[in-house]
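Written below as structure tokens is the structure these notes are about.
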Amino acid sequence: MAGTLDLDKGCTVEELLRGCIEAFDDSGKVRDPQLVRMFLMMHPWYIPSSQLAAKLLHIYQQSRKDNSSSLQVKTCHLVRYWISAFPAEFDLNPELAEQIKELKALLDQEGNRRHSSLIDIENVPTYKWKRQVTQRNPVEQKKRKMSLLFDHLEPLELAAHLTYLEYRSFCKILFQDYHSFVTHGCTVDNPVLERFISLFNSVSQWVQLMILSKPTAPQRAGVITHFVHVAEELLHLQNFNTLMAVVGGLSHSSISRLKETHSHVSPETIKLWEGLTELVTATGNYGNYRRRLAACVGFRFPILGVHLKDLVALQLALPDWLDPARTRLNGAKMKQLFSILEELAMVTSLRPPVQANPDLLSLLMVSLDQYQTEDELYQLSLQREPRSKSSPTSPTTCTPPPRPPVLEEWTSAAKPKLDQAIMVEHIEKMVESVFRNFDVDGDGHISQEEFQIIRGNFPYLSAFGDLDQNQDGCISKEEMVSYFLRSSSMLGGRMGFVHNFHESNSLRPVACRHCKALILGIYKQGLKCRACGVNCHKQCKDRLSVECRRRAQSMSLEGSAPSPSPTHTHHRAFSFSLPRPGRRGSRPPEIREEEVQTVEDGVFDIHL
């Protein structure tokens, strides 16, 4: 740091600005780059960038009166450094850009071409894409044709695509997003950070749903094993953020309670799982993770939630200013904040060592917006292994690792609602990918045979005839796009999970799945779902939170569907497979384990 400044004792903004100017020599060489970069990155924490630009303009004008040519050129070197190091500020802040243009115009009027040439504000690239909630960047096609069936993806391939998706989303986060989160304590008016958080949550939920989508314990154990190896590959890629999401999904209560499932997981996998869980545990303020991160070389993706907690803790523990008049900023706090934010900023300077398949990304981007509540996940877990089921007698006595502490205040953020135009764009790209990979004969239409192949990725698609609107025996791109748009809007983002109720008589009392009270009488006082058999009172239909769990089978989208519960916020989603539960008995609290089905079991999707 500059010798004349003692940041630990505090200093004014003007003193720190002067110290940054004096850090340059007349040739533009900076003697204290850490001080300069820290102040230019951190100044919005204390004053708006427009005020800083005004101070620089004032210093330059004052140096002209004092005939201090050295101060003039040093000021211009600082402005050049600012534009070079943080160009997004100038593209996204028109007021700031205009002030710098004003300084450049002043230099031109004076005929000072040498100083003016140092300030290149006209060629700042656009960064408006950083403010868009979703953005698809072109990526190189892989030479070999990658399978679009999620079950066919090797752990490394899946880890690479997860890394690519999260990295692309992370690169849009700017300093102002971190500052807003720390000052507000939440993601209010912060859609970019909120979207990244929802992606983290989506990965965690997707892991749970992929496990719970399998009807038998050995199959679920196989999915757990697969995701443990995905987590291992994420560690090799030094992607700790997605590693935390995957481990969190594996250790969630809806999965950890599946005792029979865990009895089929090998001891070797359990040992690996325990090691990965221990790495991201909160013990010792995430000491294991911090040590591993510090030892990383090259690309690394830190756990954003951990570092956001650090920022919030600093904000609460230390004041921004050391005096009531707010003239002397807290330099010690600034240095600590900078060390955290600089670590996060380094992520965007190094690209991950992965390549992504555009078609697979399009499918994943659509499936990402599936949303399930904690209660819905737990209900599905109870369907798989009801509470009353006795523990299995098995030679394998493996138990799942304890669930790592969850960053509740961070991961519980609601999913931001995408606008219609963005949703249409994703659906169209997804449909293009489907036709490019599954239209075998290349005639621009999907035949019934090709449709059955597609169901490997979209098991909750309705019957072929529901998509074939003109009934010509094949499905066009327009018909498939129309189907997804219609389904998403009509079902409130819950495709494949909506009950198909009809009035039902019962010769004996049955319990309402919502209120648990008996449905009495034989005069059609109750409703029953044709697909899954769930019963409820007519007045309870709209409040029923249990979703229809029948497997992909013909069910018209025009059938009756309950209105979404006012207590739940539904977000758009697209249909993906969950296996069908077995027929319920007369005793409602429990659901018998379904029989193994010979039809396709569905593929990963639900929630990447």
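Numbers here mean position along the shown chain, with the first residue as 1.
The backbone N, Cα and C atoms fix where each Cβ goes, and this holds for glycine too.
Fair warning: this is a prediction, and the values are worked out from it, not measured in the lab.
Here is what Swiss-Prot says about this protein:
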- ASP439, ASP441, ASP443, HIS445, GLU450: Ca(2+) 1 binding site (BINDING)
- 4-126: domain 'N-terminal Ras-GEF' (DOMAIN)
- 154-387: domain 'Ras-GEF' (DOMAIN)
- 463-490: domain 'EF-hand 2' (DOMAIN)
- SER116: phosphoserine (MOD_RES)
- SER117: phosphoserine (MOD_RES)
- SER147: phosphoserine (MOD_RES)
- SER554: phosphoserine (MOD_RES)
- SER575: phosphoserine (MOD_RES)
- 382-407: region 'Disordered' (REGION)
- 556-591: region 'Disordered' (REGION)
- 498-548: zinc finger (ZN_FING)
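On the backbone, the CA of ASP443 (Ca(2+) 1 binding site) and the CA of SER117 (phosphoserine) stand 58 Å apart. Comparing the modified residues SER116, SER117 on other C-beta atoms within 10 angstroms of each C-beta gives the minimum for SER117.
Among the listed binding-site residues, namely ASP439, ASP441, the Cβ with the most fellow Cβ atoms inside 10 Å is that of ASP439.
A C-beta separation below 8 Å, combined with a sequence spacing of at least six in one chain, links HIS445 (Ca(2+) 1 binding site) to ASP439, CYS474, ILE475, SER476. Over all protein chains present, the Cβ of GLU450 (Ca(2+) 1 binding site) has 18 other Cβ atoms lying within 10 Å.
Sorting each residue of the domain 'N-terminal Ras-GEF' (4-126) by its DSSP state yields 86 helix, 3 strand, 34 coil. Here the Cα atom of SER117 (phosphoserine) is found 62 Å from that of GLU450 (Ca(2+) 1 binding site). Residue environment of ASP443 (Ca(2+) 1 binding site) contains 10 other Cβ atoms, counted within 10 Å of its Cβ in all protein chains.
When DSSP labels each residue, the domain 'EF-hand 2' (463-490) comes out as 18 helix, 1 strand, 9 coil, counted as helix, strand and coil in that order. Rounded to a whole value, the Cα-Cα separation of GLU450 (Ca(2+) 1 binding site) and SER116 (phosphoserine) is 64 Å. Secondary structure at GLU450 (Ca(2+) 1 binding site), as computed by DSSP, is helix.
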